[in-house]
Every structure is written in C-alpha cells, then in structure tokens.
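Input: a single structure, listed below in structure tokens.
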C-alpha cells in the first residue's frame, strides 16, 4: 500500500510542503520549499503583513503614496497593499504617485500601465513630470550629456520629484517597491564607492524621517523572483516589463549581475548581504555630512546647493558636466552667481521644483 501510494505521488508530482494536499507549483527561491499556488499567495502576503506590522511602517489614518512606475515591483506593491489594507483594516488612504521622466518609448508606455492600475485597484493617481519641475526631459538631457552619466541626473531628479509629488498629495509617507535584491545591490554599491554616509542607512526599512517625507520599503525581505516570476505571473497582474532604454550601462547593473551569480550558488546570499549591511558599525571618528537645506530651492542638502540644483545649473548654462566633476573654481563660481542672482531666487527655485508650491 505504501509503495503504491508513493508511486502515485511521484506520478502526480510533489505535494505542497505547507498544506500537503495540493500539487506543488513552484520552489520558493528564498526557502527552496516546494509549495502550491494557494499557499504561496498566503505566505507571500502574510510575510509582507508581518514586516509592516513588526516594523510599524504605517499608522491608521495616514495617507500613503505608492511610488508607481508600472513595473513589476510597484504594481505588486500597489496590489498587495490594497489587499492588506482591506483585509487587516490598516485604515490607510492609498494613492499612486508616478514620475514622468520624459523617455519616449519607455516611460510614456509604462504610464499607460499605471493608468490602468488606477482603475483596476481603485487608487487615485498623481503624475509629476521632469519637464514641469525642471524644464528638461530625460530625452533632452541625454541629447546634451550622452549615455555615460545619464543615470546620475535621472536618479537625483527622480528622488526629489517623488518628494515634490508626495508634497502635492499631502501624504504622510511614500511606500516604494524596493525589494531584497535592490537593497543587497545598494549595500555592495556603497561599499564599492566608499560611500559611508549612504552605507549607514541603505538597509533601513524607513528612511528620510528627518526629511520632507519618510519613505518605507515593505518588500525589504522579498526576493525579486517571487515578486515577478511568481506572484505577478500567477496573479496575472498588469505590469510593464521593458527595461529603461538609457540604463544598460548603469553601474548598478554590474552589482545586479554579481548578486544574481551569488543567488544561483547560495539563495540566502541576498538576505545575508542585507544582514551584513544592517550590522555595519561606523567609526565614531568618521566625519559624516551634516544635513541642511539648499539655499536655492529649500530641499534637504548637505551642501549649499542640493545635487539637483547643481545638475540643473550645469544643464541651463550649457555645462552639463558641472555637477558630475566638481572643482573649487566651480563652487566659487556658483556662490558668485547666487549673490548676483539673489533677486531672482524665487523664479529659479520654481525651475528646480521648489517645495514652496
């Protein structure tokens, strides 16, 4: 009887290691457990719920902006947060917040996905654009600077644009779809760059609590494979999967490939890197940048001008590399310009996307 039953199980495939009733449909990358779809949905959502509750990411009555790009991570985040908000009565007002960088053939298409998500999930959508905030689109920037440093401009502008959009929505927090793979990559990047300031905070699940609007990462311990190739695929969620046309040579891509190689050899490597980042201790003798505000636009900055203002100044003056390669002469020249243009500060701040709406 036992032999016959064993042969029957083998012929029908492995049973789910969780319920031991249904046929296993996948192997979890993080735990290597053989599990059925129904149990995977349950444990996937429950793990995220426990991360939210255990880290007290939200409070009842808060307004939360979900950074929505139309990609797999943000689409799954919007779907799961909507479900958990209803199921567990978080009491949150959720919004979709998208940034239009102005990349033809990429962002314009992905924003169509976000607009469909707005209807599918019943969440209000706000879109803010680089063109409106800075007077430039990424297409225009790339024509001036080429492909080498474009991600620097986009990353700086995007981080600030999210805060601008969140301020317009009057939200309490921004929830982003950064997953475990993203955070492990960031730990490695900050080590390679020797960026001690960012290394000390890149594994925090909530950041920017001393800034304009805090950001949190409910997917901090969630593997990218489980988000995209499993949950989004099995749930048949509507997401945009094309990579940015300007990012193939991005420095982060090299760290990403290294992480993927490590994961193939040892699946827990991703969580181990995050744990290592969490346990880094910065020497008390290490000089850390002091946070202040940009004299031009009022945004948080450790320098007189925030990085966005420096980059934008270079673009507007026909010196696009000014914010990439710094020199004492350039800093003095910026200070001189600030004094000369003091009377037009408000107009220039609007070009940089001032917080004073």
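Cβ atoms here come from the backbone N, Cα and C positions, even for glycine.
Note that this is a predicted model, so its numbers are computed, not measured.
Listed ranges 304-324, 325-345; the one TrEMBL annotates as region 'Disordered' is 325-345.
A 10 Å cutoff on Cβ-Cβ distances gives residue 182 (ATP binding site) a total of 21 other Cβ atoms nearby, all chains included. Of all Cβ atoms in the shown protein chains, 25 besides its own fall within 10 Å of the Cβ of residue 99 (ATP binding site).
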